[in-house]
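> Attaching a single structure in structure tokens format; questions to follow.
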Amino acid sequence: MRLNVVVAVSENWGIGKGGGLPWKIKKDMEFFKTVTTKAHPGLKNAVVMGRVTWESIPESFKPLKDRINIVVSSTLSHAPSFVQVVPSLNAAIDLLYNEEFSSIVDEVFIIGGYRLYKEALKQSIYPVRIYCTHILSEVDCDTYFPKVDWDKLKKVDLPDIPADTFTENGFTFKFCVYDVPSEQFI
């Protein structure tokens, strides 16, 4: 199993503001959906997120369609039946290895927030791949991605990930994929 981190991050490491995204970039949302839903036939991907990330998703998009939704929270008191709630990232991984899920899960995607990103990057049991939308400017944020040295990561060129730079709604951005070396530390 590999842990895949999906993140849009500004040059000042920002990922969120006021419980939501600090930008509206349709192309990034399309990238997120494509990356997290593309699975082998007969399988589904799992998206693992913290409570605040779950709560930031508009009701009309809950659950994230065609994916197994797992929320990591010790305080979420009630959740719809279509969502699995677990107390930790390790519990989420254990759940995905149980009989109910192990035969239907293709890839696991960590989609936020900070604590889960940090745990995924810090652990050394599973290989980590980062699918990143680099927002090529500093953005006013109150939630941040753990700092990594992008130059120490192995850039991965995938045929379905565009190498171009795009501009939308005043934000210039590009998509990149990185493999995190096992000796990477956060």
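Quick reminder: no glycine exception, Cβ is built from N, Cα and C everywhere.
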> Determine which of R2, R67, R115 appears in Swiss-Prot for the same substrate site as D28, M29, E30, F31, F32, K33.
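Swiss-Prot names R67 for this substrate site.
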> Out of these binding-site residues, G16, G19, G113, which one has the fewest other C-beta atoms within 10 Å of its own C-beta?
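Output over binding-site residues G16, G19, G113: least Cβ neighbours within 10 Å is G19.
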> Expressed to the nearest Å, what is the distance separating A8 (NADP(+) binding site) and F32 (substrate binding site) at their Cα atoms?
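Spelling it out, the Cα of A8 (NADP(+) binding site) and the Cα of F32 (substrate binding site) are 9 Å apart.
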> Which of the binding-site residues listed here (G16, G19, V52, S74, E119) have a Cα atom within 10 Å of the Cα of M29 (substrate binding site)?
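None, since no candidate lies within 10 Å.
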> M29 (substrate binding site) has how many other Cβ neighbours within 10 Å of its own Cβ?
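Excluding its own Cβ, M29 (substrate binding site) sees 14 Cβ atoms within 10 Å.
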